[in-house]
Amino acid sequence: MIEKKVSQGIISTYFSKLERNLDLDVAIVGGGPSGIVAAYYLAKAGLKVAQFDRKLSPGGGMWGGAMMFNQIVVQKEAIEIVKDFDINFESYDEDLFVMDSVESTSALLYKAVHAGATIFNCYSVEDVVFKDNVVSGVVVNWTPVLREGMHVDPINIMAKCVIDGTGHDSEMCKTVARKNGIRLATDTGDVIGERSLDVVSGENEVVNGTKEIYPGLYVCGMAASAVSGTPRMGPIFGGMLMSGKKVAELIIKKLK
Ligand code: 48F
């Protein structure tokens, strides 16, 4: 019966995909541009990487350009990355380029999965796993379960490194800070304690802030900038792409 075979095809391959990803090199929380770029370069380097996004359609804030004007502006420093993803672009100003946001977002997603990364959509990461005070995995649940407030336990996915790519909310950094009694720059205007999450400074907070911010936890994209208390930025995406590549390079150096 074709009906049964279709269902079997979906269920059996989905669960083997999930099982293959219970033990990762890198778990990426959030499927925005910075996280997707990281997923691509990590997978290309041969690492086992999975990305979790709470939405049905990963891509974060990239689909909508700015104010739903679906154009993306990037700085010239990011153009090499744009070329790696085969995205069409045109010169707009001396140092600025524009691309179509739908083409750009779908190219990032396609290339990341094609390179070997697995993207799990509709997954919310609600916590991290600690082993000997090192971030060693993520705790995931279905987004609809959390939205409905259903009393359903999550599952654990172990990873050698976790990336916080959750955008402005920097959710994993906040979780790690809360569990360790650390205050973030965003909460207090300063950071306390030897084990503080770093304050970011410099001209390009996104790229400068892309780092291992706590043992096992890396931060990229707007999450890196937000942790420092930097105000919300304008819609220029080159920093997100560069941040994603930088975090991948840091992890490749550590794990390879
Ligand atoms: O915000 P987002 O696009 O992250 P980004 O890579 O890029 C920022 C830009 O889009 C833009 C900007 C450009 O100048 O400032 O804002 O830093 O995407 C973050 C993604 O993370 C998902 C969320 O659904 C979104 O797609 N996300 C957030 N928290 C969680 C999560 C969570 N706890 N679990 C799973 N996904």
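Glycine residues also receive a Cβ, built from the backbone N, Cα and C atoms like all the rest.
Feature annotations, reproduced from TrEMBL:
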- Ser34, Gly61, Val125, His151, Val152, Asp153, Met222: NAD(+) binding site (BINDING)
- Asp153, His168: Fe cation binding site (BINDING)
- Arg232: glycine binding site (BINDING)
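Positions of TrEMBL features highlighted on the structure.
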| residue | record | DSSP class |
| --- | --- | --- |
| Ser34 | NAD(+) binding site | helix |
| Gly61 | NAD(+) binding site | helix |
| Val125 | NAD(+) binding site | strand |
| His151 | NAD(+) binding site | coil |
| His168 | Fe cation binding site | helix |
| Met222 | NAD(+) binding site | helix |
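Cα to Cα, Met222 (NAD(+) binding site) and His168 (Fe cation binding site) are separated by 5 Å. Between the binding-site residues His151, His168, His168 has the most other Cβ atoms inside 10 Å of its own Cβ, all protein chains included. With respect to ligand 1, the binding-site residues Ser34, His151, Val152, Asp153 contribute Ser34 as residues with a C-beta closer than 6 angstroms to one of its atoms, given in sequence order. Rounded to a whole number, the C-alpha distance linking His168 (Fe cation binding site) with Val152 (NAD(+) binding site) is 27 angstrom. Of the listed binding-site residues, namely Val125, Val152, Met222, the sparsest CB environment within 10 A is found at Val152.
Largest Cα-Cα distance over the residues recorded as binding NAD(+), namely Ser34, Gly61, Val125, His151, Val152, Asp153, Met222, equals 32 Å. Local packing around the Cβ, expressed as the count of other Cβ atoms within 10 angstroms, is greatest for Ser34 among the binding-site residues Ser34, Gly61, Asp153.
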